[in-house]
Amino acid sequence: MGNLKEILEGGWSLVEGMRVTFRRLLRPVVTVQYPREVVTLSPAFRGHIELKSFADTGTHKCIACGTCERMCPSNVIKVQGTKAQPKGAKVATHYVIDFTRCSLCGICVESCPTGTLQYSTEYELAGESRWDGVIDLMQRFEARRPQSL
């Protein structure tokens, strides 16, 4: 009688397990087969930092004030700029950020007085070496910018 009870309990356990398996099998797939499928991003996604292009000027408005550099808790931002005209405002010439150490806290975006920093929607930043994460945002901005005729 003891063996029959064990067989029935084992059979019931098998039926219960198959019920759970089939129930999960009929649900829609949640896993995204990245990189074969494109990942749908949330509107609240905060990627890495990039320079924003303004429609009125067609360029960024970074004045190389260094506020973002001073406010960065990770100390990964280096900004350099020059004055285009003797009595004019400074214009950023280099905006280098080390994304391998950046915590993406967003303090630089919030503290920018001209609002020229924004979060990117790009999420594929893999590289072959550590130095691939050190990026000059000015070069990336110029590469993204449409060339005028």
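Using the three backbone atoms N, Cα and C, a Cβ is placed for every residue, glycine included.
Listed in Swiss-Prot:
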type	residues	note
BINDING	CYS62, CYS65, CYS68, CYS112	[4Fe-4S] cluster 1 binding site
BINDING	CYS72, CYS102, CYS105, CYS108	[4Fe-4S] cluster 2 binding site
DOMAIN	51-82	domain '4Fe-4S ferredoxin-type 1'
DOMAIN	93-122	domain '4Fe-4S ferredoxin-type 2'
Fewest Cβ neighbours within 10 Å, where candidates are the binding-site residues CYS65, CYS68, CYS112: CYS65
Cβ-centroid neighbours of [4Fe-4S] cluster 2 site CYS72, CYS102, CYS105, CYS108, 8 Å, sequence order: ILE49, CYS68, MET71, PRO73, SER74, VAL76, ILE77, ILE97, SER103, LEU104, GLY106, ILE107
Contacting positions for the domain '4Fe-4S ferredoxin-type 1' (51-82) when only residues 6+ beyond its ends and CB under 8 Å are counted: 89-99, 101-103, 105, 107-108, 111-118, 137-138, 140-141, 144-145
Distance, CYS105 ([4Fe-4S] cluster 2 binding site) to CYS112 ([4Fe-4S] cluster 1 binding site) (CA atoms, angstrom): 14
Stretch-averaged pLDDT - the domain '4Fe-4S ferredoxin-type 1' (51-82): 92
Length of the line joining the Cα atoms of CYS102 ([4Fe-4S] cluster 2 binding site) and CYS65 ([4Fe-4S] cluster 1 binding site), in Å: 20
Long-range Cβ environment of CYS62 ([4Fe-4S] cluster 1 binding site), under 8 Å and at least 6 residues apart: LEU51, VAL79, GLY81, VAL91, ALA92, TYR95, CYS112, THR114, THR116, LEU117
Cα separation, CYS65 ([4Fe-4S] cluster 1 binding site) to CYS72 ([4Fe-4S] cluster 2 binding site) (Å, whole number): 13
Output field, [4Fe-4S] cluster 1 shell: CB within 8 Å of site CB centroid, site CYS62, CYS65, CYS68, CYS112 dropped: ILE63, ALA64, GLY66, THR67, GLU69, VAL79, ALA92, CYS108, SER111, PRO113, THR114, THR116, LEU117
Nonlocal residues around CYS108 ([4Fe-4S] cluster 2 binding site), in sequence order (Cβ under 8 Å, 6 or more apart): ILE49, CYS68, MET71, CYS72, ILE77, LEU117
Cβ-Cβ neighbours of CYS105 ([4Fe-4S] cluster 2 binding site) (radius 10 Å): 13
